[in-house]
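Some features that TrEMBL has for this protein:
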type	residues	note
DOMAIN	7-140	domain 'EamA'
TRANSMEM	9-30	transmembrane segment
TRANSMEM	36-56	transmembrane segment
TRANSMEM	68-87	transmembrane segment
TRANSMEM	99-117	transmembrane segment
TRANSMEM	124-143	transmembrane segment
TRANSMEM	149-168	transmembrane segment
DOMAIN	151-284	domain 'EamA'
TRANSMEM	180-201	transmembrane segment
TRANSMEM	213-234	transmembrane segment
TRANSMEM	241-262	transmembrane segment
TRANSMEM	268-287	transmembrane segment
Amino acid sequence: MIKLAHKGFIATVAAAFLFALQGILFRYIGVDFGTFYPFVIRGILIVVVLALVLSVTRNYKIIQKKDYAWFLLMPLSGIVSFVTFFIAVNNISVGNTLFLHYASFSITGFILAHIMFHENLSKLKLLSFTLSIIGLIFIFSIPDLQNDLFYLVLAFVSGIGSALWYLFSKKISGRYSYTQIIIIDTGIVSVVCTILALRVGETFHPPSISIEWFSVIAMTIVSLVTWVLIIYGYRHLEAHIASLILLLDVVFGLILALILFAEIPSSQALLGGILILSGVALSNITSKKGVGG
């Protein structure tokens, strides 16, 4: 039989691949389909599926007043993360989007951990922070990307949104089931994105047999499966090891972008990306905290 640790490894590698696949699906959906509308559909479908699961498991609790703010801040930061990532990946390369996302995720994590949890910055963490900063400088200074500065900034902001989402989720993950948290999170996302889509005048495309609708449905399924795999992986692997494995997301993303879109990162972008990923890897090596599911 395959040991649980090996199963956890396989599950986490699969999750990394699916993470990368989501970025590719964003490209197939395209901004012409709508910036907010895809996430309205995704949210509704996820809420319906998980609500059915929750009706069977009945693993839910009344939300405490002290947690209202976290349940609101979590989806708002999530919207910032995936909407900015969605716009960025549709205008700059998949590789650069992922590199900048991980850099800002790592840097924001350092800052928030120090400010909110009073975590000490060891020499190794400072080295990790420095590598990420240098990697950012390499990418932002690429001459061919100067006209895409706005989209580079959006890719950077997406990582900040992700870091905030994980921080806020930690505030409530110990008191409520993961299914309940995701239902509330995606439900609020769907409502807010509906309001934003109406506000900017996006077209609500009816269901059809098209690459855009297929990609939205695939994105929804991939999101659900990824969450399950990550929970399983973190339960059977040490948290820092699982986090390191998830960095394969970037490798898979580069490979898929090369195969599907013929995107080849420049040597300067690759060097910057390697520095960023090295920094993220170092930060995860120093982390020994487990993650509950």
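Cβ atoms are placed via backbone N, Cα and C, with glycine included.
Any TrEMBL annotation is an automated prediction that lacks curation.
Note that the structure is predicted; figures quoted are calculated from it, not measured.
In terms of C-beta pairs under 8 Å, the stretch of 36-56, 124-143, 149-168, 213-234, 241-262 lying closest in packing to the transmembrane segment (68-87) is 149-168.
For the domain 'EamA' (7-140), the number of residues in each DSSP class (helix H, G, I; strand E, B; coil) is 113 helix, 0 strand, 21 coil. Across the domain 'EamA' (151-284), DSSP helix (H, G, I), strand (E, B) and coil residues number 109 helix, 0 strand, 25 coil.
Through the fold, the transmembrane segment (36-56) approaches residues 29, 79, 82-83, 86, 177, 179-180, 182-183, 186-187, 189-191, 193-194, 196-197, 200, 202-205, 216-217, 219-220, 223-224 of its own chain, all at least 6 residues removed from its boundaries and within a Cβ separation under 8 Å. Here the transmembrane segment (9-30) has Cβ contacts under 8 Å with residues 2, 38, 85-86, 89-90, 94, 97-98, 211-212, 215-216, 218-219, 222-223, 225-226, 229-230, 232-234, 236-237, 242, 245-253, 256-257, 260-261 of the same chain, all six or more residues outside its ends. As a whole-number mean, the pLDDT of the domain 'EamA' (7-140) in this prediction is 87. Proximity of distant same-chain residues to the transmembrane segment (124-143), defined by a Cβ-Cβ separation under 8 Å and at least 6 residues beyond the stretch ends, is recorded for 96, 99-100, 103, 106-107, 110, 149, 152, 156, 266, 268-269, 271-283, 285-286.
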